[in-house]
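Peer 1: In case it's useful when we look at the structure, here is the feature table from TrEMBL:
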{"type": "BINDING", "residues": "A:LEU11, A:GLY12, A:CYS13, A:GLY14, A:VAL15, A:VAL16, A:GLY17, A:SER18", "note": "NADP(+) binding site"}
{"type": "BINDING", "residues": "A:LYS107", "note": "NADPH binding site"}
{"type": "BINDING", "residues": "A:GLU192", "note": "L-homoserine binding site"}
{"type": "ACT_SITE", "residues": "A:LYS207", "note": "active site, proton donor"}
{"type": "DOMAIN", "residues": "A:353-426", "note": "domain 'ACT'"}
Number of protein chains: 2
Amino acid sequence: MSEGALKVALLGCGVVGSQVVRLLGEQADDLAARVGAPVELAGVAVRRLGRRRDAEIDPALLTTDAEALVTRDDVDIVVEVIGGIEPARSLILSAMAHGKSVVTANKALLAEDGATVHGAARTHGSDLYFEASVAGAIPLLRPLRESMAGDHVRRVLGIVNGTTNYILDKMDSTGASFADALEEAQALGYAEADPTADVEGFDAAAKAAILAGIAFHSRVTAADVHREGITEISAADVASARAMGYVIKLLAICARSDDGRSIGVRVHPAMIPRSHPLAGVREAYNAVFVEARSAGRLMFYGAGAGGAPTASAVLGDIVAVGRNRLARTRGPEESTYADLRVHPMGDTVTRYHVSLDVADKPGVLARVAETFARHDVSIQTVQQEGRGDDARLVLVTHRASDAALSATIEELRDLDIVRAVAGLMRVEGDDTP
Amino acid sequence: MSEGALKVALLGCGVVGSQVVRLLGEQADDLAARVGAPVELAGVAVRRLGRRRDAEIDPALLTTDAEALVTRDDVDIVVEVIGGIEPARSLILSAMAHGKSVVTANKALLAEDGATVHGAARTHGSDLYFEASVAGAIPLLRPLRESMAGDHVRRVLGIVNGTTNYILDKMDSTGASFADALEEAQALGYAEADPTADVEGFDAAAKAAILAGIAFHSRVTAADVHREGITEISAADVASARAMGYVIKLLAICARSDDGRSIGVRVHPAMIPRSHPLAGVREAYNAVFVEARSAGRLMFYGAGAGGAPTASAVLGDIVAVGRNRLARTRGPEESTYADLRVHPMGDTVTRYHVSLDVADKPGVLARVAETFARHDVSIQTVQQEGRGDDARLVLVTHRASDAALSATIEELRDLDIVRAVAGLMRVEGDDTP
């Protein structure tokens with residue numbers, strides 16, 4: 001062990017952890033030059049010692065006693081890539097209490113109980129870096145926290161879950177059903193055997209909470225995020241969007257209200273115009289669009305998951321906290337001074353695409369239009385497809401509140417002339433008012 | 001003036017400077033919360049006092065004595081947005097010698113004499129931040145210096161000049177000539193009356209030098225950059241590229257050699273496939289593609305110039321150096337430890353698109369192919385267009401060195417069967433070997 005080296009304790013040695021081990025070894029010389037001191041692995045906490053791993057690790061470094069590892073005197077930096085709430089939270093808190101800097105990729109913990117973890121960092125004067133928790137290798141949190149610190153963010157609109165983007169992209173490009181696209185994603189390793197966290201939007205919601213908190217200098221938790229998944233999206237929905245020049249994406253959207261006094265944070269499938277830069281994000285890639293008052297529109301694009309890309313973000317954070325330790329300083333703390341309220345989904349203002357199966361007789365459009373008008377939802381375009389029993393009205397609204405739209409839809413369902421609400425989806429990324 | 005406020009001296013009050021003044025005022029509360037102390041304008045150095053300006057400035061703050069301003073005891077941060085080598089360099093050096101932190105947008109100075117400025121920052125322990133010098137509002141230098149500090153960058157490929165991208169985009173989308181597109185860009189304020197710095201690639205070359213230095217931890221100057229502009233691009237070149245599924249962009253390319261021991265840094269027009277993410281960068285937008293060993297492919301996209309976007313980057317840097325001053329620390333220093341050599345353009349390996357006007361008679365293709373083979377340039381595709389006097393051979397090569405290609409072209413020009421080399425352009429962003 002080198003004199004003056006920075007010692008890293010790694011918690012977890014799965015897909016990401018084994019890449020962290022590999023890169024700490026392969027890039028040791030570069031890391032030493034960039035940090036200003038060698039960076040060495042002090043130990044790796046795992047659940048079982050005997051397991052086969054992707055990285056070659058000196059068996060003497062492995063331990064099942066994570067608590068002992070994070071409190072060891074010679075450890076400087078604790079890297080947590082276990083995921084989930086416990087034991088990750090307890091280990092991070094223990095590490096901070098013992099003066100360690102922490103690097104984590106744990107979106108669930110930060111989104112569900114960020115207050116505890118950030119609070120401990122403040123109390124103990126610890127560094128807490130978590131670039132890898134959102135959008136894998138894409139530098140996003142540091143640019144938002146630091147590069148844009150002199151700007152006023154209006155909206156963050158992103159594709160932050162690779163699994164669902166892969167599925168929706170397949171549905172769009174091949175016409176596949178959700179079930180078939182999911183099966184393909186599972187076969188290729190893009191989706192897990194139990195795909196719930198991805199396809200129901202839980203993963204994206206955690207990331208949305210973290211992004212919103214940073215972008216708007218407020219405390220946002222996963223519970224604040226309105227969440228809808230993609231399991232109900234049909235091949236017909238995708239085809240209908242395509243015919244209108246749109247593509248369906250699962251979006252995480254964090255936006256200030258029009259009066260600037262609150263924020264909305266939501267994850268749901270939405271139609272975006274094919275000309276929008278996010279429409280071109282294919283396969284399992286991620287991309288995040290940021291709209292700020294002075295900077296205008298920025299986009300960050302890259303691999304949002306995977307062992308090596310996520311490890312790249314972890315290593316960037318290790319270099320940062322390593323430099324901070326040598327300089328006896330800390331990176332920026334959590335910033336929640338703006339303390340903006342998260343408004344309920346009903347207050348969200350956006351546009352809607354509505355398909356109605358209707359009776360084909362005179363006066364239908366008038367009654368439908370009147371129902372929208374009664375709720376102050378203004379219609380931008382309407383067109384009738386088919387005739388007779390197959391008649392369908394396809395409407396796109398101007399911006400309206402989610403509450404008004406919901407009330408409209410409820411009333412439409414009760415009309416005798418409306419046989420069914422065949423489709424309902426929000427429209428985003430389109431500047432029409 | 002507040003007790004404990006950070007005082008900013010602004011050098012220059014043109015397009016960017018006036019936006020910096022405006023934002024320091026409008027966002028004073030947010031800046032104070034984010035930095036941890038109020039940020040106040042101490043003075044603004046201008047060439048002439050009487051001029052009309054975009055921002056409202058207290059006349060008492062204006063001075064023509066920049067040297068006195070940067071050395072004033074109460075000034076903490078000097079923001080230089082004058083541009084050019086002198087007096088910017090002397091003022092920055094003087095500011096550092098007097099213990100000030102420096103934020104600059106000056107790409108010319110950093111690319112031409114970065115050694116002096118970075119050296120002074122090291123000597124005096126000053127912060128030197130320059131995010132605004134490359135790609136305006138797009139967070140790029142901080143992600144490369146910090147987020148990717150644990151990765152190994154292979155290549156940086158970017159559109160870093162908005163003027164030329166606007167011109168080439170117009171030529172591509174409307175079929176306009178270079179002269180007409182330039183005129184339109186000038187009418188819209190995207191190009192200056194003397195467009196040389198943009199259309200001849202000087203602006204992009206300065207940015208390429210800065211990007212290469214940071215990405216590869218080496219010292220790179222503007223003189224190291226191979227530079228070709230876009231003035232020779234004809235509407236026919238653009239149409240021909242379009243017909244083949246390509247679009248012509250002015251690219252800044254910084255890449256490691258195949259053996260990793262040297263780097264190539266170049267700015268020139270190139271054909272890229274329409275499916276490449278950079279192909280979709282329209283109008284005056286900028287975008288930079290980064291390929292790294294672990295992170296894979298990342299792209300950063302946004303407004304590359306303009307008063308407010310550039311000021312956004314300047315303000316982000318002001319927040320960073322402000323936080324550093326309060327914490328009595330500094331940001332990362334220039335990193336040149338890798339000290340990679342910049343190889344000559346002849347050693348650059350890429351692909352080429354070549355159009356030859358030839359005599360339409362038997363044996364022509366064989367003689368052309370033989371000439372390529374003699375220089376070890378392998379042909380990927382060849383097709384003949386037209387017949388008789390209008391016969392043209394269009395070839396795309398596999399990867400070859402620029403020196404080998406140049407020698408091939410020289411020999412082709414001497415062949416009696418080749419009437420003219422009608423087109424010659426590098427092909428980038430295509431993974432074909």
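Yeah, the Cβs are placed from backbone N, Cα and C, and that goes for glycine too.
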Peer 1: What's the CA to CA span in angstrom from A:LEU11 (NADP(+) binding site) over to A:LYS107 (NADPH binding site)?
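Peer 2: Per the Cα atoms, A:LEU11 (NADP(+) binding site) and A:LYS107 (NADPH binding site) stand 15 Å apart.
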Peer 1: Where's the emptiest Cβ shell within 10 Å among the binding-site residues A:LEU11, A:CYS13, A:VAL15, A:VAL16?
Peer 2: A:VAL15
Peer 1: Enter the number of other CB atoms within 10 angstroms of the CB of A:LYS107 (NADPH binding site).
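Peer 2: Step by step: centre on the Cβ of A:LYS107 (NADPH binding site), count other Cβ atoms within 10 Å, giving 25.
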Peer 1: For the recorded NADP(+) site, enumerate neighbouring residues of the same chain (Cβ within 8 Å of the Cβ centroid of A:LEU11, A:GLY12, A:CYS13, A:GLY14, A:VAL15, A:VAL16, A:GLY17, A:SER18, site residues themselves excluded), in sequence order.
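Peer 2: Filtered neighbour residues, in order: A:LEU10, A:GLN19, A:VAL20, A:VAL81, A:ILE82.
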Peer 1: For the domain 'ACT' (A:353-426), provide the mean pLDDT of the predicted model.
Peer 2: 92
Peer 1: Which of the recorded positions A:LYS107, A:GLU192, A:LYS207 has its Cα nearest to the Cα of A:VAL15 (NADP(+) binding site)?
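Peer 2: Nearest candidate: A:GLU192.
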Peer 1: Measuring Cα to Cα, how many angstrom lie between A:GLY14 (NADP(+) binding site) and the residue listed as 'L-homoserine binding site'?
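Peer 2: Approximately 15 Å lies between the Cα of A:GLY14 (NADP(+) binding site) and that of the residue listed as 'L-homoserine binding site'.
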Peer 1: Name the one residue among A:GLY12, A:CYS13, A:VAL16, A:GLY17, A:SER18 whose Cα is closest in three-dimensional space to that of A:LYS207 (active site, proton donor); these are the binding-site residues.
Peer 2: A:VAL16
Peer 1: Mind giving me a neighbour count for A:LYS207 (active site, proton donor)? Other Cβ atoms within 10 Å of its Cβ, every protein chain shown.
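Peer 2: Around the Cβ of A:LYS207 (active site, proton donor), 29 other Cβ atoms lie within 10 Å.
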Peer 1: So among A:GLY12, A:CYS13, A:VAL16, A:GLY17, A:SER18, all listed as binding-site residues, which is physically nearest to A:GLU192 (L-homoserine binding site)? Use the C-alpha atoms.
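Peer 2: So, spelling it out, the nearest of the binding-site residues is A:VAL16.
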Peer 1: Since the record lists A:GLY12, A:GLY14, A:GLY17 as binding-site residues, which of them has the fewest other Cβ atoms within 10 Å of its Cβ?
Peer 2: A:GLY14
Peer 1: Round to a whole number and give the Cα-to-Cα distance in Å for the pair A:SER18 (NADP(+) binding site) and A:LYS107 (NADPH binding site).
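Peer 2: Taking the Cα atoms only, A:SER18 (NADP(+) binding site) lies 19 Å from A:LYS107 (NADPH binding site).
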Peer 1: Specify the secondary structure state of A:LYS107 (NADPH binding site) as given by DSSP, simplified to three classes.
Peer 2: helix
Peer 1: State the Cα to Cα distance, in Å, between A:LYS107 (NADPH binding site) and A:GLY12 (NADP(+) binding site), rounded to an integer.
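Peer 2: A:GLY12 (NADP(+) binding site) has its Cα 15 Å from the Cα of A:LYS107 (NADPH binding site).
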